[in-house]
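Right, one structure below, let's go through it.
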Amino acid sequence: MFKSYVLLLITVIIFAGNLLVGRAINDLPAFTITFFRCFIALLIILPFGIKQLKAKRELFKKEWKPLIGMGFTGIILFNLLVYSSLVYTTSTNAAIVETTAPIFTIIIGALFLKERLNKLQYFGMVLSLTGAIWVITKGSWQVITGLQFNIGDIIMLVAMLMWSIYSILVKEHNSKYPAYGGLTIMLSLAVVVLFPFALVEWLRGIESLFTLEKILGLLYLGIFPSIIALMFWNKGVQDIGPSRASIFLNLLPVFTIIGAVLFLGEKVIWAQLFGGFLVITGVILSTRGKGKRKDVMQEEKLTDKSIKV
């Protein structure tokens, strides 16, 4: 279990880097960024994926539908919507909307996986959510009251919903597939679907791709968020469930600020440190105890009754 927590922490750190790199290359359009990160990831993982696809050919022929669902929600739509939203909204608004991901995941998990968190874990979720917003707004009520929501925030909200659905699909289906083979199918789907739209953007004219900053940025996106973080996230979700795993996403503002301080020279204030403390405390509380699926809880009740009889 501890290993799963470490993998999720590394995932969130990589996602924070994704946001920082995204800021650096945000003059590229959304389809182009999403296409190239998937294309680079596919080139890297293809030699390993082909071996697993050949070895498990019958499995992939039979169980292809969940892979299509995961590919569309977690790789194509999520990334596309995130990059599109940043064209219309501010970084503060986007970061606040991102904190809805655990809420969506817990609701969907309760409906479809019958997942249930205990009271301490719910308290941890609320505490980490509060801390995340505190970090983002620097503890300023004026920032919160001054927020003006727009179409970009709605797009980001849909992106968070897509990620939540992806996490649910991962929990239900991802364990069926060898890691590289499954990811190869999803990335191949993304490349094929995204290419025509990216081509339209290129024909209309885009900023040059062949600058050191953009090449390094796209390489980071293709290697770290698209392969390493995705595989670590999938493993964490399989081990502890999507509801509890999603609460780790509230650490995203904390690690983003740490990265901004280290690499961009930004300054941190005490309000953000306090918010970070709330987030970390909330995440720790959310890992205490085990949330149960409803069907498991019902089985335990029946077992208790039979023992009493």
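Using N, Cα and C of the backbone, Cβ positions are placed for all residues, glycine too.
Annotation source TrEMBL lists domain 'EamA' at 4-136 (among others).
Feature annotation from TrEMBL assigns domain 'EamA' to 151-287 (among others). Note on the domain 'EamA' (151-287): its mean pLDDT in the predicted model is 89.
According to TrEMBL, the feature transmembrane segment maps to 5-22 (among others).
Note on the transmembrane segment (28-46): residues 22, 75-76, 79-80, 83-84, 87, 180, 183-184, 187-188, 190-191, 194-195, 197-198, 200-202, 206-207, 209, 214, 218-219, 221-223, 225-227 of its chain, located 6 or more positions outside it, place their CB under 8 angstroms from a CB of the stretch. The annotation transmembrane segment is assigned in TrEMBL to 28-46 (among others).
For the transmembrane segment (67-88), same-chain residues at least 6 beyond its ends with a Cβ under 8 Å from one of its own Cβ atoms are 22, 26, 30-31, 33-34, 37-38, 60, 94, 97, 150-153, 155-156, 158-159, 162-163, 165-167, 169-170, 173-174, 177, 182, 185-187, 189-190, 193-194, 226, 230. Annotation comment: TrEMBL describes 67-88 (among others) as transmembrane segment.
Residues or ranges marked as transmembrane segment by TrEMBL: 94-113 (among others).
Per TrEMBL, the feature transmembrane segment maps to 120-137 (among others). Sequence-distant contacts of the transmembrane segment (120-137) (same chain, six or more residues past either end, CB-CB distance under 8 Å): 92, 95-96, 99, 102-103, 106, 143-144, 244, 247, 250-254, 257, 271-272, 274-289, 291.
The transmembrane segment annotation in TrEMBL covers 149-169 (among others).
TrEMBL lists 181-203 (among others) with the feature transmembrane segment. Same-chain residues lying 6 or more positions outside the transmembrane segment (181-203) and placing a CB less than 8 Å from one of its CB atoms are 29, 31-32, 34-36, 38-39, 41-42, 45-46, 48-50, 52-53, 55-56, 60, 64, 67-68, 70-72, 74-76, 80, 174, 226-227, 230-231.
The transmembrane segment feature in TrEMBL is assigned to 215-233 (among others).
The transmembrane segment feature in TrEMBL is assigned to 245-263 (among others).
Per TrEMBL, transmembrane segment is recorded for 269-287 (among others).
Away from its own ends, the transmembrane segment (149-169) comes close to residues 66, 69-70, 73-74, 77-78, 81-82, 84-89, 93-94, 97-98, 100-101, 104-105, 108-109, 112-113, 233, 237, 242, 245-246 of its chain (Cβ-Cβ under 8 Å, at least six residues beyond either end). Break the domain 'EamA' (151-287) down by DSSP state and the numbers are 121 helix, 0 strand, 16 coil.
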